[in-house]
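Q: Pasting the feature list from TrEMBL:
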ACT_SITE  B:THR88  active site
ACT_SITE  B:THR164  active site
ACT_SITE  B:ASP165  active site
ACT_SITE  B:LYS241  active site
DOMAIN    B:1-51  domain 'GatD N-terminal'
DOMAIN    B:80-269  domain 'L-asparaginase N-terminal'
DOMAIN    B:291-396  domain 'Asparaginase/glutaminase C-terminal'
Number of protein chains: 2
Amino acid sequence: MNPGDRVRVERADRSYEGVLLPSSTDQQLVVKLEGGYNVGIDREDAAVDVLEQDVYEIDGASGDEDGGSAVEFDEELPTIALISTGGTIASTVDYRTGAVTAQFDAEDVLRAVPDLAGRANYRGRVVANILSENMEPPIWVELAEAVREEIEAGADGVVVMHGTDTMQYSASALAFMLETPVPVVFTGSQRSADRPSSDNVMNAVCAVEAAKSDCAEVMVCMHASESDDRCALHRGTRVRKNHTSRRDAFETIGADPLGEVDYDSESVTIRGDHQQRGEAELALAADLEEDVELLKFTPGMDPAYLDVAEGSAGLILEGTGLGHVHTDLIPRIEELIEDGTTVVMTSQCLEGRVCDRVYDTGRDLLEAGVIEAGDTLPGTAKVKLMWALANADSVPEAMETSLAGELQTRSTPWN
Amino acid sequence: MNPGDRVRVERADRSYEGVLLPSSTDQQLVVKLEGGYNVGIDREDAAVDVLEQDVYEIDGASGDEDGGSAVEFDEELPTIALISTGGTIASTVDYRTGAVTAQFDAEDVLRAVPDLAGRANYRGRVVANILSENMEPPIWVELAEAVREEIEAGADGVVVMHGTDTMQYSASALAFMLETPVPVVFTGSQRSADRPSSDNVMNAVCAVEAAKSDCAEVMVCMHASESDDRCALHRGTRVRKNHTSRRDAFETIGADPLGEVDYDSESVTIRGDHQQRGEAELALAADLEEDVELLKFTPGMDPAYLDVAEGSAGLILEGTGLGHVHTDLIPRIEELIEDGTTVVMTSQCLEGRVCDRVYDTGRDLLEAGVIEAGDTLPGTAKVKLMWALANADSVPEAMETSLAGELQTRSTPWN
């Protein structure tokens with residue numbers, strides 16, 4: 001038996017039928033089941049029948065020098081660049097410890113998801129191999145440069161495989177850094193490939209379909225519901241991971257998703273305003289001012305926390321309600337601003353706009369020089385401020401203007 | 001004309017018909033319209049017709065010595081204690097500056113909301129008169145003591161009027177501090193009384209109805225939808241203000257609301273498990289360890305922020321996903337724990353449970369001594385840790401146990 005064969009595996013009174021995939025350990029067989037899920041089966045005492053040879057063409061080599069595709073080149077198909085940063089979608093189970101560690105590169109993912117075959121020509125590329133809680137601004141810069149290079153080299157779309165923990169921050173970073181004429185689609189997986197409920201196959205397939213679409217935006221493509229029926233396409237600057245474990249954890253905040261990909265029909269639907277393929281010219285402004293912090297205000301907050309921002313280039317406040325903090329903090333905030341720190345207000349409510357003209361506290365904050373981020377999400381505002389401090393002519397103007405769909409203009413917060 | 005008269009006011013080509021209310025300034029008339037909303041009208045050039053005298057009995061005096069009711073005592077009716085802490089529901093527009101400042105006490109609210117008449121006998125009491133961003137743990141203690149005193153004095157239910165910004169924190173504080181045999185209902189207002197869309201009347205009426213119900217829990221009662229049809233009743237420890245300005249901004253996270261109050265029929269519906277009236281004996285454990293901070297992790301976070309927690313009694317981390325931070329921070333977190341700081345992990349996803357057994361980062365955090373808060377909301381976890389550090393025999397056990405409905409037990413995070 002070889003990877004790519006259709007097999008039936010019997011073990012411990014259970015039977016599995018599907019395509020054998022390459023495994024990273026000798027102790028297990030990985031079988032792609034009919035439903036699209038991969039299952040890991042202990043090789044010991046397992047009986048394997050080969051039902052059909054070479055159902056999928058799987059390249060066992062570790063990739064060509066140019067990151068070559070594991071499927072045959074087809075001139076009729078678009079070329080999609082797969083960029084891996086790590087995370088569950090690019091991981092397999094490490095059975096020695098019982099936990100999940102990142103160990104796939106993009107080439108491996110392609111081999112592990114045979115359903116990607118026939119949809120595009122692929123180029124694989126590894127920018128990082130980290131769990132996304134370890135993502136850092138310098139890697140955003142590397143990622144943005146990699147995406148630009150892939151587009152320059154002719155990619156018709158880019159899929160970024162990323163851990164889900166901080167995907168929204170990375171997607172925001174690329175949305176501010178990059179002017180893109182093609183789709184840039186982040187996708188990930190909430191359940192590892194060995195789980196019956198893994199979402200990695202459907203998310204990867206839908207992300208590739210989205211990358212072939214006409215929506216030239218930085219998007220996040222993840223399950224739209226708990227079913228395996230469709231993925232939602234979220235604007236990178238408006239998306240948030242709202243659940244620790246559900247497959248449909250990602251939601252667009254304060255708006256409908258940009259669109260969706262139907263898994264069965266493979267059709268991509270984009271709604272509302274969006275940038276069309278070819279509309280923008282490829283450009284990269286990847287400089288970041290990293291010395292920006294985010295501080296969430298809660299009752300009883302020690303004012304000493306504000307001292308940490310002393311000398312910082314920027315500070316995002318996650319205030320309460322329309323954008324408030326305890327009034328005792330305002331003089332200290334004013335000092336920070338006078339000393340050169342750009343302070344931007346967002347709301348921990350997450351939905352709705354900051355509006356500091358309504359109450360005394362807010363007006364005092366505005367008088368102290370605090371900039372309002374409208375309905376920009378706090379995490380997105382942090383990334384944006386990093387970008388604006390390094391690139392914008394006027395930082396206040398940039399923070400109050402929508403640069404990448406992060407700020408939805410409304411005349412009043414009472415919507 | 002006198003407060004309590006039904007009047008028609010004509011001014012600037014507009015006509016208003018309703019009951020005249022006491023006004024805090026000479027420059028304006030405040031009229032309660034048929035729909036239940038109060039409108040402020042500039043007295044200058046206003047023509048007033050008195051249509052009917054003394055439609056409502058309104059006591060113009062500033063309250064009896066015992067905080068006496070502005071409506072006649074009725075032995076058939078339950079007694080509800082109204083406790084005011086300030087906020088929009090207890091405020092009127094300050095036309096001199098164009099902004100809203102808190103200036104009502106509970107007695108004023110009762111006079112401003114004639115619809116409360118006939119539903120209960122009232123006792124009014126002012127604990128604070130602050131905008132809720134200025135709420136602090138010592139005021140929670142005063143509030144809890146006031147609630148206890150009112151219940152001891154025979155109140156059949158308590159309504160706490162509170163600004164919406166930090167209502168969820170105060171409600172959580174009372175839920176941990178207080179064992180209550182009667183309902184304790186927080187309510188507030190997202191729109192001030194002079195706005196046609198003010199929610200103060202319906203919220204106050206529904207809160208009083210909830211306070212008369214059999215659900216002896218600490219609850220939040222706010223608009224359930226954008227319509228004026230019903231209020232939702234949220235468990236104080238599971239509620240969150242999720243929108244800066246909408247009237248239905250408050251939502252129960254990870255569960256359905258405890259119940260609802262139908263505005264028209266005045267019926268209160270409570271679903272699922274809850275503490276019945278009379279089930280618990282009145283008790284107060286109001287000690288708080290105030291030296292607890294909350295820190296939200298975002299990519300690029302300066303490790304120096306952790307230094308602020310040095311020597312603190314407790315630290316709530318708002319991690320990513322299942323409860324992660326950058327692995328570089330873990331040694332510093334371990335040091336804090338070794339030095340005596342209790343560190344508790346929550347998730348910025350808000351929905352779903354923290355589970356640090358799945359990934360390496362999480363297991364390292366557990367090994368460092370971090371306590372998991374399950375699906376306790378980050379803000380609630382901060383209040384709970386303040387309470388647990390001052391009251392619990394075992395803080396880790398307390399943080400991993402549901403004390404006031406704040407933690408919903410599930411066998412697995414993959415719900």
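Cβ from N, Cα, C; glycine included.
Automated prediction, rather than curation, is the source of TrEMBL annotations.
Show me how these features fit into the structure around them.
A: Cβ neighbour count for B:THR164 (active site) (all protein chains, 10 Å cutoff from its Cβ): 29.
All protein chains shown were included, and the count of other CB atoms within 10 Å of the CB of B:ASP165 (active site) stands at 31.
For B:LYS241 (active site), the same-chain residues 6+ apart in sequence whose C-beta sits under 8 angstroms from its C-beta are B:THR164, B:ASP165, B:MET167, B:GLN168, B:ALA249, B:PHE250.
Counted with DSSP, the domain 'Asparaginase/glutaminase C-terminal' (B:291-396) comes out as 41 helix, 23 strand, 42 coil.
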